[in-house]
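Q: Okay, these came from TrEMBL:
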TRANSMEM  32-54  transmembrane segment
TRANSMEM  66-89  transmembrane segment
TRANSMEM  129-148  transmembrane segment
REGION    428-514  region 'Disordered'
COMPBIAS  442-454  compositional bias 'Low complexity'
COMPBIAS  455-465  compositional bias 'Polar residues'
COMPBIAS  478-489  compositional bias 'Polar residues'
Amino acid sequence: MTVTYTGEVATCRGFGTFLRVLSKWRGSIYKLVWLDLLVFLLIYYILNLIYRLLLDEDSKRAFEGVVNYCSFHGNVIPLSFVLGFYVSVVMNRWWNQYTTIPWPDSIAVFVSASIHGQDERGRLMRRTILRYVCLCLTMVLTMISPRVKKRFPTLGNLVEAGLLLENEMAILENLNEKFPKPSKHWLPIVWATSIVTRARKEGRIRDDFAVKTIIDELNKFRGQAGLLLSYDTISVPLVYTQVVTIAVYSYFITSALGSQWVDNKLQSHSSSVYISNIDLYFPVFTTLEFFFYMGWLKVAESLINPFGEDDDDFEVNWIIDRDLQVSYMIVDEMHHEHPELIKDQYWDEVFPSELPYTIATENQREEHPEPSTARVAVPPRQCSMVTVAPSNVKIDEMIPSNTVSYKFAPPEQLQMNDDAQSGIHFIVSRGSKRGKKDDRNSMGSSNSMLSLQQPPMTRANSVTSMLKRLFSKDERQQPATPVTTQTDGGTRFMISASNPTLNKPATAGGGSMK
């Protein structure tokens, strides 16, 4: 269960607020580090005694060389960087796992408000849906938490606890025989959605929007439960954990050698005689360094699996009990129940100016917060707006002098040039007299005839045609000469002088296209 000390650090007044929590043993760093520290000191004193009592002079010189080498190169390992980044990753993962834990409260509220009926069947539907929701979370926790697994090792234990019924256990066992590998934590959610659908068909849920809301909440609950399983199966990469562990333990193995008190170290560092004499009996700063770095590593070891059995892990068994009790209370005990509607004491005042304080909090009255610019004063003579004169610069004057301008032919001229090159000509009848009935039938409907009698429409020029006419070499050498001709039956828009074979008289009559 998580060790809570928030109440002891509610204020930082006085001396050493955090010193109050140093005396705690449960969940403390002392409880995690003391065994490793004992082993480290044991190794240190064994090496010290071997150097003092068992080695001859030549062996001592060799041992002193090893000590100096480890002391000089011991700080090469970037231990602070490696541990800091690793613990940061583990801390973020630890908090994300807690926020992923699904809570059935919102589902219970929606079910209680949407599934109506005070009869036994309505009550049964509401309670069963929430029981399935709690069963889903319990099944997930049995797969990721040793504490819950020891509490509910089999499906029979869930039946004894009241989370599962005999017929439901038979269905689960049958599915486990057919599909043993996939987990079945999602099955209770499927059952719950089926009950919601049945309640809608029976008219206990009034609209489809309420059905969708409940099913969305059930799916969200199932997704968070599945994410907990993903956190359990997908851990922090093993190589990173191995790198951090090897770095810490190798560092302190070299520290156990490099911090030894030897003779040549005393002779070569005459200014540190007293420090070396102190280290002769106990390695003070080496012990503190071990305590900090090893404690840092133990923090990561404790938080990497918050569903375990450490003192500071999540209280998952309490979550199971709490969820079932609150769910049943919302959908059954509190279903469609509320206190009597009575006017509040501020009914006539509409709203209170301030809620009362007790004698203990009389000195803690707080003022309304002010925005940061509330005390910024602007003199009245500086409050007038500045009038900006309009600019006299024209748009044409803003164009650079070296801009190249192009002059294009009028749209009608470009249209006639395009028609001259294509060799296609349009003839539209402008006769004032209407043709005979047979002619109208041959030409089409009256609407088509009326459209042909309209004035000719100018075709819109495209960028392609304009660029084509601008950069065409043939156009610059032999420009087409548009000629407008008049015929008896209609007007020909243009005849290309470069295509004499097409310069034939137009056929009289209604509008035609050649």
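Cβ atoms here come from the backbone N, Cα and C positions, even for glycine.
Any TrEMBL annotation is an automated prediction that lacks curation.
Relative to the rest of the structure, where do these features sit?
A: Residues 102, 104, 107-108, 111, 115, 158, 163-164, 183-186, 188-189, 191-192, 195-196, 218, 221-222, 225-226, 228-229, 231-232, 307-309, 316-317, 319-320, 323-324, 327-328, 330-331 of the same chain lie 6 or more positions beyond the ends of the transmembrane segment (129-148) yet place their CB under 8 Å from a CB of it.
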Q: Which residues of the same chain, at least 6 past either end of the transmembrane segment (66-89), have a Cβ under 8 Å from a Cβ in it?
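A: Answer is 236, 240-241, 243-244, 247-248, 250-251, 254-255, 257-260, 262, 264-265, 293, 296-297, 299-300.
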Q: Can you name the far-off residues of the same chain, 6+ from the ends of the transmembrane segment (32-54), with a Cβ under 8 Å from a Cβ of it?
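A: Beyond its ends, the transmembrane segment (32-54) has Cβ neighbours at 60, 63, 252-253, 256-257, 259-262, 283, 286-287, 290-291, 294-295, 298, 301-302.
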